[in-house]
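Report on one structure; see the data block that follows.
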């Protein structure tokens, strides 16, 4: 079910078939506002409950429909949850606006949309060329956060794992954007990303320039203190030769190159999942 659900989710996401109000982040925003106050999320118990409740709800739903009608309800639930977890039109829209701004030479708008795209990065004091490289790294990171890591959790732990990861990611991003001091969530997300970031980073090694990227991957991945974002972005940068095309704006060249690398990595992940499914290692 993992392979089928993943393929359907990717198709729906690429075709932009899921309305924004049905996407997971929209649902989680409603869930946060309706179920928890800021004071409750500021406590360890409240935050743990907020993180666990969506995944527990999914686990109960899967348990209830297990075995019904030859497994058809379970399959439909797998597919529906995968589609919801993989649909992120807001990020796609921001990236499109960044590229459009860069192509028309609007530097101020380029910096604005780049900052909106990745709230963890400060991009105020960089050149246009460096902006392209930094946004390219952000694209590699966001591709990991919104697709690669979610796919790995779906493959390894099913919809429960995917929903749990997405919930933790959502609350950590809300914490950053709102400037809140919510406990647990940032540390938990760090450890959830610890192994998947190394796996996806090795995918970049295989998809790009192996001789350049493999030493960098070994240096970062074998260090217990390396941050997940550093592993993904630095290995991606080492794996891809950044072009210098005079017909393409400077602030877009590196971005598009690293985006192409991320797409190759996603294709590699699906290929490996297909082989694991054929050999019966993944259901």
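Glycine residues also receive a Cβ, built from the backbone N, Cα and C atoms like all the rest.
Automatic prediction, not curation, is the source of TrEMBL annotations.
TrEMBL has this to say about the protein:
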| type | residues | note |
| --- | --- | --- |
| TRANSMEM | 41-65 | transmembrane segment |
| TRANSMEM | 72-90 | transmembrane segment |
| TRANSMEM | 146-168 | transmembrane segment |
Beyond the flanks of the transmembrane segment (72-90) by at least 6 residues, Cβ under 8 Å: 1-2, 4-6, 8-10, 12-13, 16, 18, 20, 22-25, 27, 58, 61-62, 65-66, 146-147, 150, 154, 158-159, 162-163, 166
Same-chain residues at least 6 beyond the ends of the transmembrane segment (41-65) whose Cβ lies under 8 Å from its Cβ atoms: 28, 31-32, 35, 73-74, 77, 81, 158-161, 163-164, 167-168, 171, 180-185, 188
